[in-house]
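Visitor: My questions will all concern the structure given below.
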Amino acid sequence: MARIGLVAHDDKKDDLCAWAERHKAKLSQHQLWGTGTTGSRVMAATGMTVSLLKSGPLGGDQQLGAMICEGKLDMLIFFIDPLSAQPHDVDVKALTRLATLYDVPLANNRSTADAVLAFLVDRTDSE
C-alpha cells in the first residue's frame, strides 16, 4: 500500500476531485493524505478516506514536506494553478523542492498524475 499526498490550489481543487473520482478504484487501495481543504473536498467528492493535515497556508504543505523527509510519503499529487499568485508560494516551492530532493514522484496536473499513478500501481503490484 502506497502513501499518497493530495493537494491543490483553490482554482484546481475541482480538477483534483474529478481526477480522484476517475481513479477511485486505484486510489482507494492506498493510504491518502491531504491538506485540510483539499482532502475534505476529495472525501466529499469520492467517499474515500483521506487523512487530513492542516490547510496548506496554515502549515499543511509543510506537514506533507515533513512526511517526505521522514520517508512517510511515496507520491505527491499537487495540482498547481500556474495563472494565480499564491500568498504562500514559498511553502509550495519548499514542498516541491523536498519531493525533488527525496526523489518522491510528483505530479502537477492531470496528465502527470495519470502517469505517476500508473507507475506507482505497477510498482506496488510487482512487490
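Heads up, residue numbers simply count up from 1 along the chain you see.
Placement of Cβ uses the backbone N, Cα and C atoms for every residue, glycine included.
Feature annotation from TrEMBL assigns active site, proton donor/acceptor to D61. Annotation comment: TrEMBL describes H9, K13, T35, G36, T37, T38, S55, G56, H88 as substrate binding site. What TrEMBL lists as domain 'MGS-like' is 1-127.
For each feature listed, report its degree of burial, its nearest neighbours and the pertinent distances within the displayed model.
Guide: Around the Cβ of D61 (active site, proton donor/acceptor), a 10 Å sphere holds 26 further Cβ atoms from the protein chains shown. DSSP assigns D61 (active site, proton donor/acceptor) to a helical segment in the three-state reduction.
H9 (substrate binding site): 20 other CB atoms within 10 A of its CB, across all protein chains.
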Visitor: To the nearest Å, how far is the Cα of S55 (substrate binding site) from the Cα of D61 (active site, proton donor/acceptor)?
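Guide: Just about 8 Å between their Cα atoms.
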Visitor: Across all protein chains in the structure, which of the binding-site residues T35, T37, S55 has the highest Cβ count within 10 Å?
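Guide: When each Cβ's neighbours within 10 Å are tallied, T35 tops the list.
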Visitor: Taking just the CA atoms, what is the gap between H9 (substrate binding site) and D61 (active site, proton donor/acceptor) in Å?
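Guide: For H9 (substrate binding site) versus D61 (active site, proton donor/acceptor), the Cα atoms are 11 Å apart.
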